């Protein structure tokens with residue numbers, strides 16, 4: 001049996017998730033830059049099942065758009081089945097089966113939308129194990145030191161599975177069992193359909209439990225097998241924010257380790273957070289306190305951090321980014337950024353450029369080799385190559401109603417405290433004096449100076465601040481001790 005021709009996957013995402021205590025649907029809470037449901041759908045899409053169904057119920061009007069987005073992103077159809085009333089997992093699976101063609105006769109894989117670390121290898125192993133035998137159902141199990149909240153696996157003395165008992169219905173003796181149901185199964189569809197029609201809700205939660213299918217199949221003298229997963233994190237579900245945080249740490253450690261094995265030096269894995277879609281080139285060094293988020297792309301031989309957060313930022317080979325907060329920006333090869341630099345969306349720094357201490361940029365293009373060393377705001381601007389912007393300069397882009405653009409050419413040198421009142425253009429090779437307020441265009445090669453001649457008013461301190469410390473110091477410097 002092959003997964004691509006014989007399997008359908010049903011993902012259960014209909015529950016209310018009340019223990020999350022959140023306005024956000026549980027399956028949309030994120031780990032490593034992806035929602036839990038996105039993690040699961042990414043995984044199940046990789047096994048190339050013939051049909052993929054998401055069962056939605058509570059908050060489906062908010063979850064359905066995410067399913068549609070993922071369907072487009074993954075390039076495959078994801079059917080949506082609706083569970084209008086939350087009557088239990090058995091009822092949810094029955095709703096999911098209604099989305100399959102009536103003549104589908106293959107294997108049905110069932111998983112939950114809140115098992116974010118489930119991987120392709122584990123699912124493939126389940127499908128292979130189930131397809132190679134005569135079992136009507138195969139259950140993924142794992143062993144937990146604290147199984148509280150999970151259904152327990154009931155076995156005979158010969159270790160055959162005879163049932164699954166939910167926590168609420170378990171006896172004290174059964175609650176000591178540490179082998180648990182993960183909520184991931186493979187079924188033959190005919191046996192599954194038959195068993196679902198016989199589910200009863202006479203249990204502690206008055207629901208139709210999918211787990212009761214195991215006992216029904218055993219009563220039908222059908223074989224039920226278990227496939228044990230040693231790495232319990234792969235099949236651990238999330239019910240509250242503590243579990244979300246715990247699994248997030250596990251996933252982050254695995255992401256960090258994968259980058260390390262691929263040739264990235266990460267000084268302190270415990271303080272470094274890297275989202276699942278981030279790419280990092282070989283021989284890059286990541287220092288403590290760094291977060292690389294979203295679709296960030298970092299080249300080879302870079303230095304990132306410490307204390308740096310980059311979200312959807314592309315960093316070229318050999319760049320250095322220190323104590324910087326950046327989003328939706330591009331940093332060119334060999335460029336230097338930081339410390340204490342703020343890159344807002346739309347920043348594009350060219351190769352070998354520099355953005356130094358306490359520089360903020362937004363919606364700007366800064367050319368190759370251009371330097372903005374310190375204490376400057378650059379917004380809505382285009383700067384050419386190999387220019388230098390003096391300290392404490394401001395690109396004055398907003399008049400209270402409209403934002404305008406500033407254009408600065410190549411090989412320009414601007415003095416400290418230059419104000420660029422947009423819209424304004426500074427031509428190639430031009431200079432500005434310190435303290436200049438530019439309201440008019442500057443021709444190529446010109447020097448722009450807006451400040452008037454300096455006036456020194458002799459004796460002003462003696463007249464206006466007589467007897468002050470300044471007056472005494474001035475008199476002493478002038479040799480007037482009177």
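Each position is counted from 1, following the chain as shown.
Cβ coordinates are placed from backbone N, Cα and C, and glycine is handled just like the others.
Small disclaimer: the values here were computed from a predicted structure and weren't measured.
Taken from Swiss-Prot, the feature region 'Pyrophosphorylase' covers 1-241. Taken from Swiss-Prot, the feature UDP-N-acetyl-alpha-D-glucosamine binding site applies to 12-15, 26, 83, 88-89, 112-114, 151, 166, 181, 239, 344, 362, 377, 388. Swiss-Prot lists 114, 239 with the feature Mg(2+) binding site, giving sequence analysis as the kind of evidence. What Swiss-Prot records for 242-262 is region 'Linker'. Residues or ranges marked as region 'N-acetyltransferase' by Swiss-Prot: 263-482. Annotation comment: Swiss-Prot describes 374 as active site, proton acceptor. The acetyl-CoA binding site annotation in Swiss-Prot covers 391, 397, 398, 416, 434. As annotated by Swiss-Prot, region 'Disordered' applies to 463-482. Residues annotated as compositional bias 'Basic and acidic residues' in Swiss-Prot: 472-482.
Residue 388 (UDP-N-acetyl-alpha-D-glucosamine binding site) and residue 397 (acetyl-CoA binding site) have their C-alpha atoms 19 Å apart, to the nearest angstrom. The number of other Cβ atoms within 10 Å of the Cβ belonging to residue 15 (UDP-N-acetyl-alpha-D-glucosamine binding site), over all protein chains shown, comes to 22. Not a single one of the binding-site residues 113, 114, 397 has a C-alpha within 10 angstroms of the C-alpha of the residue listed as 'active site, proton acceptor'. Listed binding-site residues: 391, 434. The one with the lowest count of other Cβ atoms within 10 Å of its Cβ is 434. Taking Cβ-Cβ distances under 8 Å and a sequence gap of 6 or more within the same chain, the neighbours of residue 88 (UDP-N-acetyl-alpha-D-glucosamine binding site) are 199, 201, 205, 207, 208, 209, 210. If you compare every pair of Cα atoms in 391, 397, 398, 416, 434, the residues listed for acetyl-CoA, the longest distance is 22 angstrom. The separation of residue 434 (acetyl-CoA binding site) from residue 15 (UDP-N-acetyl-alpha-D-glucosamine binding site), Cα to Cα, is 64 Å.
Highest Cβ count within 10 Å among the binding-site residues 114, 166: 114. Checking Cα-Cα distances from residue 12 (UDP-N-acetyl-alpha-D-glucosamine binding site) against the binding-site residues (114, 239, 391, 398, 416, 434) with a 10 Å cut-off leaves 114, in sequence order. Taking only the Cα positions, the spacing between residue 344 (UDP-N-acetyl-alpha-D-glucosamine binding site) and residue 397 (acetyl-CoA binding site) is 15 angstrom. Nearest by CA distance to residue 114 (Mg(2+) binding site), out of the binding-site residues 166, 398, 416, is 166. Annotation for residue 397 (acetyl-CoA binding site): same-chain Cβ neighbours under 8 Å, separated by at least 6 residues, are 379, 380, 381, 403, 404, 405, 406, 422. Around the Cβ of residue 398 (acetyl-CoA binding site), the same chain contributes 379, 404, each under 8 angstroms and 6 or more positions distant in sequence.
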